[in-house]
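Novice: Just dropping this structure here.
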Amino acid sequence: MKALDQLTFDNRFARLGDAFSTQVLPEPIADPRLVVASESAMALLDLDPAQAELPVFAELFSGHKLWEEADPRAMVYSGHQFGSYNPRLGDGRGLLLAEVLNDVGEHWDLHLKGAGQTPYSRMGDGRAVLRSSIREFLASEALHALGIATSRALCVIGSSTPVWRETRESAAMLTRLAQSHVRFGHFEYFYYTKQPEQQRVLIDHVLEQHYPECRDAEQPYLAMFRTIVERNAELIARWQAYGFCHGVMNTDNMSILGITFDFGPYAFLDDFDANFICNHSDDRGRYSYANQVPIAHWNLSALAQALTTVIEVEPLKEALGLFLPLYQAHYLDLMRRRLGLTTAEDDDMALVERLLQCMQRGGVDYSLFFRKLGEQPVAEALKVARDDFIDLAGFDAWGADYLARCRREPGNAEGRRERMHAVNPLYVLRNYLAQKAIEAAEAGDYSEVRRLHQVLTRPFEEQPGMQAYAERPPEWGKHLEISCSS
């Protein structure tokens, strides 16, 4: 493992030039202190976890110090926000500090969020608050532990620097890791500003660095787009299967790698509600839980439009046509596993849909239902789960069909509990748990953030003394309004 001064840098994106980003130095925050760090994220950089306790760690990730090899850059891009095109966005408070090359040949972006004003800040102050920084840290690491593709969070650094949102809050900086920070909106920017040469440079960069397996295809650009469609189909299937709501699926928040990116007012479902809206600014429900599938397709269509400079329209349409069937296949596979099924039958999707309809009629905690279902043999588990449902007749009919379906599975029930517990988390990042940790951190106590982080890194394992993190949320905890303010 390495010390901070032993990291190897290779700043590939910065070398593309000033048409793609602007060099900006971070603006330090006062009295930097470590709030929380992820050992597993540090391992991606080959960093010794003990480095997080050193004063220089907080200094480097709060803008007070820079590596000599760093080349901090604010990236330019545009995007569709709530369906309307915004021609010039860019990193308004984030900087791509550098790209680290680890010992297995992987490049990881070090991205500092809350680093101060940039040419793309518009009217913003360039800062991030402690509240939103903790939320992104916890979500990144929780999704990773669930097996959902995501950017990672290295650390959160707190400060005494005041910032104003709805009230006075304190500034913080989050260091995000990803193998690329290129978004759908990067391609839209060069397309709509009619810069085909720069767009081709960017496309070639992404192809060479992130989709090398597509280089030898008959049509490399089309092969890359098709792979992006495939990755997003699997990503959204995992979101839906685990009840994750992103909240702000603008095209500038969509990663070219097909990973969860740019967390805002996200939430995991508590009681199942297909129409759940986690962003209180989304008054029309554009980014509701149920709409995430069609919106992902819409965003891919926006990306396809931006790529019409290098790919013919008809092949792009054909590639887009892969999204829904791929999504459905991934989603059904995940839901079969969540139900403990190891084989496929034609009526399995109908079985899943009927269950969700029963849940929708009220009162059923989405995550805990699947966990309970695997605790005991099927007939006994159904009796226990029944108490949570309002539509008892509907659930009884579903339960009878589910029991019959389980009896058609090959072999005996040996290992069913272990199989189901391996895919059905006991611990999920509920908004009220995050809020309690944030309130403690805002009072200067970081122990709850760190404890919650540790619990969420092992979501499928029962952890002694952590039962409180596996409970149904209190009523007040189910209806927390989360805004884009960060």
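Note that Cβ sites are derived from N, Cα and C of the backbone, with glycine treated the same way.
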Novice: Name the one residue among Lys113, Lys194 that Swiss-Prot lists for the same ATP site as Gly90, Gly92, Arg93, Asp125, Gly126, Arg176, Arg183, Asp262.
Specialist: Lys113
Novice: Could you say whether, by DSSP, Asp262 (ATP binding site) belongs to a helix, a strand or a coil region?
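Specialist: The three-state answer is coil.
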Novice: Does anything in the same chain, at least 6 positions from Asp262 (ATP binding site), have a Cβ under 8 Å from its Cβ, and if so what?
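Specialist: Those within reach of Asp262 (ATP binding site), by Cβ under 8 Å and sequence separation of 6 or more, are Ser151, Val248, Asp252, Asn253.
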Novice: I need the least crowded one of these recorded positions (Asp125, Asp252), counting other C-beta atoms within 10 angstroms of each C-beta.
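Specialist: Output over recorded positions Asp125, Asp252: least Cβ neighbours within 10 Å is Asp125.
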Novice: Please give the ATP site's span as the largest CA-CA distance among Gly90, Gly92, Arg93, Lys113, Asp125, Gly126, Arg176, Arg183, Asp262, to the nearest whole angstrom.
Specialist: 23
Novice: Counting across all protein chains present, how many other Cβ atoms fall within 10 Å of the Cβ of Gly90 (ATP binding site)?
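Specialist: There are 22 of them.
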